[in-house]
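Features as listed in Swiss-Prot:
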{"type": "BINDING", "residues": "D10, K32, 59-68, T122, R184, Q193, 213-214", "note": "substrate binding site"}
{"type": "ACT_SITE", "residues": "K61", "note": "active site, proton donor"}
Amino acid sequence: MSQSLIVALDFPGKQEVEQFLHHFEGEELFVKVGMELFYKEGPAIITYLKEKGHKIFLDLKLHDIPNTVKSAMRSLASLDVDMVNVHAAGGSSMMKAAIEGLEEGKQEGKERPICIAVTQLTSTSEAMMKKEIGIEKTLEEAVAHYAKLTKDSGLDGVVCSTLEVPKLREVCGNEFVTVTPGIRLASDDVNDQVRVATPKRARELGSSYIVVGRSITKAENPLEAYKTVKQQWEGVTV
């Protein structure tokens, strides 16, 4: 599982990112850049992280009409990011357009970024989904439906809860990528996410990638916390 641990850089700006990455001199990480950081710093933060040798999951969760998403993905691919995402709720035409944009915008001689779709946010409970979003399926059924739609639209995988991974393996096969946020060490507060799991549990359930934020970024010693998460995730001593 080389570089399948993604560290969420949930910081307000570049200064905080630099302070955090100071703990990881010489380490090549797979990092997630979300809306807050990207909207503050723009493409320059991607250039900075790439120059440091890090892989990047640009987590913007695009959801718009197909042509707009295609154009946006063309631009994002030109930044040489490694992974991007959309909302599966945008539909098949939008997701197919996303792939077209990535293919058109990728740097010469390189593969297009991995493209995944969000099924349901990890902050979404089944009760919330039914009452507020108006989906009458069970949470598992809704996620499986979106995952199959994602695969049929030509995307590489989905963002999902670890608890949903086994079902998605049945529906979409073992090659389908599952990226699972909501990962916490057993001693951590779960904060605002409802469907959470430990790194060990994510490994047991078959996640392809895990995304870890506060357990590492808020730790007194981020490097040691990273090693602890990595050990639990990979099942080996590092």
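Placed from the backbone N, Cα and C atoms, the Cβ positions cover glycine too.
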Reduced DSSP assignment, P66 (substrate binding site): helix
Distance [Cα-Cα, Å, rounded] between T122 (substrate binding site) and the residue listed as 'active site, proton donor': 13
Collapsed DSSP category at L60 (substrate binding site): strand
DSSP three-state assignment (helix, strand or coil) for G213 (substrate binding site): coil
Spatial separation of K61 (active site, proton donor) from G213 (substrate binding site) - C-alpha basis, Å: 17
Long-range Cβ environment of D10 (substrate binding site), under 8 Å and at least 6 residues apart: G34, E36, L37, G213, R214, T217
Most Cβ neighbours inside 10 Å, all chains, among the binding-site residues P66, G213: G213
